[in-house]
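Contents: one structure, followed by commentary.
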Amino acid sequence: MTAWLLSGLGLLILLLAGDALVRGAVNLSLRLGVPALIVSLTIVAFGTSAPELLIAISAIKENAPGIALGNVVGSNTANILLVLGLPALLATLHTSECNTRRNYVFMLLATVLFIGLAFCGVFNIASGAILLAALGLVLLNAFRDARAHRKACGEACAEEDELEGLEEADPDMPYWKLSIYLVLGLIGLPMGAHLLVDNATIIARTYGVSETIIGLTLIAVGTSLPELATTVMAALRRQADVALGNVIGSNMFNLLAIVGIATLFGRIPVDPEFLRFDLWVMLGASLLLIPFVFLKQDITRGWGLVLTLLYAVYIVSLLA
């Protein structure tokens, strides 16, 4: 029971520290005159994935690579089946106005690249470099799109749009408050990751399940909670573009950035079970987005039920 409580505490610290780090870093950058465009493409993207990254690094250091890889693969599967499925049960996500085709294609390509590298048997510094290079191309494309938007509607208009898109933005936040956010984030992230990984490993040994299963289930669902909260609010506000964009962006970043950066701290061997089952479930879940992205099919309550049930079946198959 203690291990479960400490795992929950570690997860809570991780999520709160990640939010604090993003708020502090975003507003410090804005105070220093960094354009909102750069802030949104870099600091927010990296900051919101900080919990997953710290978990991966901590897992590598604790010699629990199954947790590192399981968290990424499990989070991506949960993001599509659970994070889109549950909110759709509350309110239909109308996708007719969504413009996520290009990013979705990038996400599919990132998924295929990730699976291809996984079949090498280990993620090492070379495969990490390939993933980070792909991430660089994605960020470059996003930067060019944002620049084009600026030219189309004018610098002042674009800057205002970008600031509105940054929920954490408060350019007038005092430096003492910024410092508190940054310190809490920088201390809390490694502390939470250490607590979560250590106690998740204890849980795995106690119940006789692999660390990989813990990463694919308990930790993956836990780190998907911020995306779930964002998507629930987007569904209630009829902002399907935010919901889909949130999931697609998070999945792409998990595959390219989290594993790419984590390889700088050590090799990540691939459990053969990933190659036989979990990677294909992740790819299959990704392909399920085709009717919503390309055919503009609304994510109705019926679809939400299907996605949620598919996730439940996946979890049961892991624990059986």
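Cβ atoms here come from the backbone N, Cα and C positions, even for glycine.
Those TrEMBL annotations? Automatic predictions, nothing curated.
Now, the feature entries from TrEMBL:
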DOMAIN    3-141  domain 'Sodium/calcium exchanger membrane region'
TRANSMEM  34-55  transmembrane segment
TRANSMEM  67-90  transmembrane segment
TRANSMEM  110-140  transmembrane segment
TRANSMEM  178-197  transmembrane segment
DOMAIN    180-318  domain 'Sodium/calcium exchanger membrane region'
TRANSMEM  213-236  transmembrane segment
TRANSMEM  243-265  transmembrane segment
TRANSMEM  277-295  transmembrane segment
TRANSMEM  302-319  transmembrane segment
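The list of residues near the transmembrane segment (178-197) in space but at least 6 beyond its ends in sequence, with Cβ under 8 angstroms from a Cβ of it, reads 6-7, 9-25, 27-28, 31, 50-51, 54-55, 57-59, 62, 64, 67, 219, 222. Among residues of the same chain six or more beyond the transmembrane segment (243-265), those with a C-beta under 8 A of the stretch's C-beta atoms are 45-46, 48-49, 52-53, 56-57, 60-61, 68-69, 72, 75-76, 79-80, 83-84, 87, 93, 95, 98, 100, 103-104, 106-107, 110-111, 113-114, 123-125, 127-132, 134-135, 138, 227, 230-231, 234-235, 286, 289, 292-293, 299. Beyond the ends of the transmembrane segment (213-236), by six or more residues, the same chain brings 7, 11, 14-15, 18-19, 48, 51-52, 55, 59, 66-71, 73-75, 77-79, 82-84, 86-88, 90-93, 196, 200-201, 203-204, 242-243, 246-247, 250, 278, 315, 318-319 to within a C-beta distance below 8 angstroms of the stretch. Residue counts for the domain 'Sodium/calcium exchanger membrane region' (180-318) under DSSP, split into helix (H, G, I), strand (E, B) and coil, are 117 helix, 3 strand, 19 coil. Helix, strand and coil counts from DSSP across the domain 'Sodium/calcium exchanger membrane region' (3-141) read 112 helix, 3 strand, 24 coil.
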